[in-house]
Amino acid sequence: MGIHLGEIGIVLFPWFLWLSLFLSCGYAAITISSPLTLGQTLSSPGGFYELGFFSPNNSQNQYVGIWFKKITPRVVVWVANREKPITTPVANLTISRNGSLILLDSSKNVVWSTRRPSISNKCHAKLLDTGNLVIVDDVSENLLWQSFENPGDTMLPYSSLMYNLATGEKRVLSSWKSHTDPSPGDFVVRLTPQVPAQIVTMRGSSVYKRSGPWAKTGFTGVPLMDESYTSPFSLSQDVGNGTGLFSYLQRSSELTRVIITSEGYLKTFRYNGTGWVLDFITPANLCDLYGACGPFGLCVTSNPTKCKCMKGFVPKYKEEWKRGNMTSGCMRRTELSCQANLSTKTQGKGVDVFYRLANVKPPDLYEYASFVDADQCHQGCLSNCSCSAFAYITGIGCLLWNHELIDTIRYSVGGEFLSIRLASSELAGSRRTKIIVGSISLSIFVILAFGSYKYWRYRAKQNVGPTWAFFNNSQDSWKNGLEPQEISGLTFFEMNTIRAATNNFNVSNKLGQGGFGPVYKGTLSDKKDIAVKRLSSSSGQGTEEFMNEIKLISKLQHRNLVRLLGCCIDGEEKLLIYEFLVNKSLDTFLFDLTLKLQIDWPKRFNIIQGVSRGLLYLHRDSCMRVIHRDLKVSNILLDDKMNPKISDFGLARMFQGTQHQDNTRKVVGTLGYMSPEYAWTGMFSEKSDIYAFGVLLLEIISGKKISSFCCGEEGKTLLGHAWECWLETGGVDLLDEDISSSCSPVEVEVARCVQIGLLCIQQQAVDRPNIAQVVTMMTSATDLPRPKQPLFALQIQDQESVVSVSKSVNHVTQTEIYGR
């Protein structure tokens, strides 16, 4: 009467088949009886998107999210429980009894829900090929809820932003708090109810960036969206019902996305089959920041960007403008006459006129007027004494400004025409002024030419070659090289303020000795701590490097870059004031036998990732391409949470447009970190920084200095030792032995970092990865290229040194080495 094994197999086979299909293919839908649990995923029918649990940066926090299924590294496009992560080992995403989608922890507590109950629980949740998670009624197949109506930081094709003034409903994008924290951050992207509408990025309650009004096919504040641009977006407004909808359409077969980053950048990406290509980024320069030049100020997108007053206006507070603070803007030089109801044909003396400004982004605070043509628009503004400007824009019609003109940008190409109201005397005197200025200029030129000729004749008679001398009667005149528009938002400190803060540069306040001078801790009167870099006269950092550091850092904003608060100039004294970082520099911990134990492998890996993100910002994501040229362990500062910040930009260089490399007659940097092509030919590029990053990476892993490491009888350098470790054990043995036993690191992670470091220090620049590839290598599990044996530098003395080489075109003529 027993059951044969064959019969058992026949009975159980369908169940095993169902189970294997379930585990391999993922859920088709989520129902009351089939919840989604940790470790399981729900895929879209075409396999484009996937829903499941994920943990940012391998933390203990678990989130339910949607990501691109077949793309590595993972790109999360939506998070359900972004404000409340799961911290228990068990969790379920299921349909509740009232038809809501709910997330339960191990105690059956509701962590997150859709908060929109349906009529019944006869429904299911599924993921569409658009990336939209939907709840569908089993009977009517109507959509009861969808994730596209509750966006996070990302827009996908077929999603939208909206507002409804009657109900108060709005659909916005909100940034993550950080790269590893999906909770709502500082930035929100929303559609405004203005007519016509525009897209604004808010930082808290303040406008951070705006697109300009929508003109049928694009935004007037985005020059890229010209007449030839095929827009993937559409915008519709129903003014009567108080609604607006901004939709993202699918224009190609490529995967695309729009994201607001935790740093406030709005970016558009497309996937080309091998990686994500950045198509658009804003803000791209200082002019993109809202109201950078204040009311009636004009931000000019030249190189570099700069502020100026509109025609007929002057700085409101001249001293503030000289100090680089333009946010107060400009005021009229001549008050308006404002004689209303006069036609342009009968204008006489004293009647207001309009000055036409081309290639501009229309200012904010505009009002739509239903005039049928440009002439009516002109007359409508002229007849209204409070109207300060007008514009008649194709695709919009007439816009009027009855307030201050704020956030106006002038482009080199593109943009609109803006007519500004001025007193008639502002234009009447312009022709007369040109004649006077031209006459004076011609007279001065003739006088100088005659004087130069007489001087040349005199020197010829004396048989002495011409000598040019430039005299400077002001000890601070070099400061004029700092154009105010280049250092907007920077504070100029008085010397007595800094002396008081640092206790007159007391030795007890000294934090350390940098390459260009000592660094002191200071405390301002408001109890704010600062770090003061005091440049010594013999430091080697002259006026050029000092001005370079001020101009450069003031334009860069990233969580992994040190923040410049201001500077102080007093005679020959030059000081830079930075944010104070309590843990000083990385070398303080890394090379100290006791302190190094505080930075175990997880902390070191976090530091490596932070530095790579900072370098990615410099090379790719900032408003300019920046080559640091002196990346090293002592230039990595640590905050109170051991997050790294790249510092010391005195030697950095900026690239514009498509420029990828440059050379210099003066090779500057630190021995051991300089790439071969830079050290011997002066040629530098992004790959020069990559080489230095590779050395830095190996130092962080090993806990050894590049300048003092010596191994074996052959005296191998750190690079040579790293190469041998990689050949023998995959690089695991390179890890600092003082932490290798205590922190039980993931060997695969260490080995991967060693291999990345070796790829970065390849002899030929073309063999090194770029920083975007480095970041991808660190965050993915794909196979890495095999590195070639690097060129190992000769062992150098136990002292970190900065080298400055002045070279001719074909050979090195002089080398000077300074202690760093």
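Glycine residues also receive a Cβ, built from the backbone N, Cα and C atoms like all the rest.
If you go by Swiss-Prot, Cys307 shares a disulfide bond with Cys293, out of Cys287, Cys293. Recorded disulfide link (Swiss-Prot): Cys387 to Cys381, out of the candidates Cys381, Cys385. For Cys377, the disulfide partner recorded in Swiss-Prot among Cys338, Cys398 is Cys398. Range 594-611 is the one annotated as region 'CaM-binding', of 90-107, 594-611, 666-683, 756-773 (source: Swiss-Prot). The recorded positions listed here are Asn57, Asn92, Asn325, Ser634, Ser647; among them, Ser647 has the most other Cβ atoms within 10 Å of its own Cβ. For Cys387 (disulfide bond), the count of additional Cβ atoms within 10 Å of its Cβ stands at 20 [all protein chains shown].
According to DSSP, the domain 'Bulb-type lectin' (29-148) comprises 5 helix, 52 strand, 63 coil. Annotation for Asn272 (N-linked glycosylation site): spatial neighbours Glu254, criterion Cβ-Cβ under 8 Å with sequence separation of six or more. In this structure the C-alpha atoms belonging to Ser647 (phosphoserine) and Cys387 (disulfide bond) are separated by 48 Å.
Between the alpha carbons (Cα) of Cys287 (disulfide bond) and Asn241 (N-linked glycosylation site) lies a span of roughly 35 Å. Candidates Asn57, Cys293, Cys307, Cys381, Cys398, Ser554 (recorded positions) were compared with Cys299 (disulfide bond); those inside 10 Å Cα-Cα are Cys293, Cys307.
According to DSSP, the secondary structure content of the region 'CaM-binding' (594-611) in residues is 15 helix, 0 strand, 3 coil.
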